[in-house]
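K.L.:
Sharing a structure below in structure tokens format, with a few things to ask.
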Amino acid sequence: MYSWYGSVRLYHFRVPEDSVLVCWHLTVTRGSGSSCGNHNISIYIRSGAPPVINPIDTAFPNETAFLLAYNLTASISSGQNTTIFNVSNPEPGDWFIAAHLPKDNGKIEQKGFSSMCSYFFQPQMFVRRVIDMPILESKAPLLQTVSSPEKPAFLKFFVPDYSTHLIFHVWGCSTEGVEGADCPLIITVGSTSLQPFSVRTVNCTGMTSCAVRLLTPPWETWIRITVESIYVNLTTTFSVSANLTVGCKPKSVGLIGDFLAKLNTNSNCVSGANNSAVVGNTTMSGNTSLMLEPFGNECLRTYSVFKEELDVVSVQFSVIGGPNLIVLTQAPTLIPLDLTSFADTGGTLNLHLKLNQVCCHSASVISYSVPLYASFFNLNVSPTAFSQGYSLNLNVTSPKAALRLPFPEAAMWYLTLQVLCPDNASDCANVSSTVMTSVYLSACIDECGTYGECRLLRSYSYLYASCVCKAGWSGWGCTDGSTAQTYARQLVAALLLTLSNLSFIPPIIVALHRCYFAEASVYLFTMFFSTFYHACDQPGVTVMCIMDYDTLQYCDFLGSLTSIWVTILCMSRFKDIYKYTLFMLGALIIAMSMQLDRRGMWNMLGPILFALLVMVLAWVYRGVKRRQCYPTTWKRWVFFLIPGIAIAIIGLCVYVFTETDENYFYTHSIWHIMVASSVVFLLPPREYQKEPWGCSRKFCGYQICKNEKEELYTVT
């Protein structure tokens, strides 16, 4: 059942180039157990990165930009259900499918005591590809034929860097058996990614020619062109061409001198400075004003970026020359961010901007637009096909801005900055600013905050990260406090779970009074480690750990089971030599079983059932030997054994059947009290020949004289 992203089963597929159809067979199988219900399985599909989902409607952290993945539902009403999902003209590359069951109801299931049901999810991908797909070149027309639905026309076009405008033009249509020069065609440009703005479709019906215009085509990418006819089983011949406009290119591209000049350029906001750079044996010097910097020309300025991989799903982007960037009004500043690696999509992309200085301005109010886009995005242009961007505004009153992108798509991302004047652009032609940038990829958002833990997950060889929240907090970064536990409730829960272990003090006192020192030491061990284990196991801020959490948990489980073991064997009333032998042997076996599986049903029931069997055999042996029921007195049964057994059974039922995430702190406290109380009733009475507390009241000079029927001690 779904509780956090770790409940999701994630699958990775690779769609090859020139694929025109992808068919997924999504098979869900329900187990045959009696507890298997008719649940709906939620399935999410996304290209480029794992799906961003929000099935329980929690709030995302502030300054987080997200687009929820495409989802569908598969219902299970019988043993197996198969859903077929088709995607035409799929985007090549990585695709991810995630599936999960409905929300977890919060019930704590004890392993082995409740019937579990398994649901199996199996996605299979089938691909249809086009062999030798025609390549369309700029200003080179191609003659094509199309016959729907069997033979649509598929073409592809490569977009180089710094392209600003792309037009696909279709004309000269001729359909056999149909008079007229109209183009009965539907043109689709782009590949389907199940996200908005990934394709552009134009219906050319009734026109002699038509065109598809793209203002922001993606750089260094193949674009798919699909042409279909509205006529069935009729062949249409047409001509198609592409007209590509490449904007100005930055001067620094490919020039060593400009690259070195970048490293030596002062990033402070100045109107002019004298700098020099050495290239080989030549020294370049001059006035490097803001208008004549070697970063580019009037239409585009660019910076080089170092990409440093710090850890798994952790990348730092560093701008060469320092984090302070000079931003002008004349041309946008471009910073490329390489996130094309498959391993970079499982974290969170973080962007932090700070406006440090503004100079040379004559306008009273200056607005700064800082968009971060997955492809090059022209400022002041609304989003069109192939443009996925997020805008940030900085000004003198709000000099800081941040943006977080969970699971960014594998692509080249570009940070563009430009000073924009609100009114007349001529009034601030010489305005410049200095912006400090910080871009990095982290595993989780702010390490999941105070009430969360960032965990690294793996699906086969793919690694990704997610937050697991506690204390009622929820959300992608554990920042949604709508169901959060208050500090008072956390404190009450911690006090109940820890102080309820003080109920073991009466069993310790009773055991010492009746000379059961080994049993008393086990109860003391259990009380100590159970107290500090629950103090360390708290989900909120009321936590205290005196040692490693795993050690505390192991000792708590070991002490609890050993306490039951020694109590039952003590009730068997063996001779000391046999009792202590079984104590030690059982403790060693229990320690081994707890190491194998602390929550295994038979690891817990095995020693308990064996101890009960030994106790029953011992009681039957004594009853047969004495020819009367054992224990012999009815008062022992009525006032001690029956109440003790009833309390233990009630406590066990509370522990196994009633615990949930909401009531855990008081139901588990009841379990502590019930178990400790049952020990007080079940411990057998003291041997009649032993003094209370194990001490003799008779002293003979320097000797302690103690005469018993079974053994004689003389201490000198």
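Using N, Cα and C of the backbone, Cβ positions are placed for all residues, glycine too.
Pulled these features from TrEMBL for this protein:
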- 440-479: domain 'EGF-like' (DOMAIN)
- Cys444-Cys454: disulfide bond (DISULFID)
- Cys469-Cys478: disulfide bond (DISULFID)
- 491-509: transmembrane segment (TRANSMEM)
- 577-596: transmembrane segment (TRANSMEM)
- 602-621: transmembrane segment (TRANSMEM)
- 637-658: transmembrane segment (TRANSMEM)
- 664-683: transmembrane segment (TRANSMEM)
K.L.:
Out of Cys444, Cys469, Cys478, which has the highest number of nearby Cβ atoms, where nearby means within 10 Å of its Cβ, if these are the disulfide-bonded residues?
P.N.:
Cys478
K.L.:
I need the CA-to-CA distance for Cys454 (disulfide bond) versus Cys469 (disulfide bond), whole Å please.
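P.N.:
Roughly 9 Å, rounded to the nearest whole number.
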K.L.:
If you average per-residue pLDDT over the domain 'EGF-like' (440-479), what number do you get?
P.N.:
92
K.L.:
To the nearest whole angstrom, state the Cα distance for the pair Cys478 (disulfide bond) and Cys444 (disulfide bond).
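P.N.:
About 10 Å separate the Cα atoms of these two residues.
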K.L.:
Between Cys469 (disulfide bond) and Cys444 (disulfide bond), how many Å separate their Cα atoms?
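P.N.:
For Cys469 (disulfide bond) versus Cys444 (disulfide bond), the Cα atoms are 12 Å apart.
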K.L.:
Same-chain Cβ contacts of the transmembrane segment (637-658) under 8 Å, 6 or more residues past its ends?
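P.N.:
Sequence-distant neighbours of the transmembrane segment (637-658): 110, 113-114, 631, 667-668, 670-671, 673-675, 677-682.
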K.L.:
What does the DSSP secondary structure composition of the domain 'EGF-like' (440-479) look like, as residue counts for helix, strand and coil?
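P.N.:
Going by DSSP assignments, the domain 'EGF-like' (440-479) contains 4 helix, 20 strand, 16 coil.
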K.L.:
Near the Cβ of Cys454 (disulfide bond), how many other Cβ atoms are there if near means within 10 Å?
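P.N.:
Result for Cys454 (disulfide bond): 21 other Cβ atoms within 10 Å.
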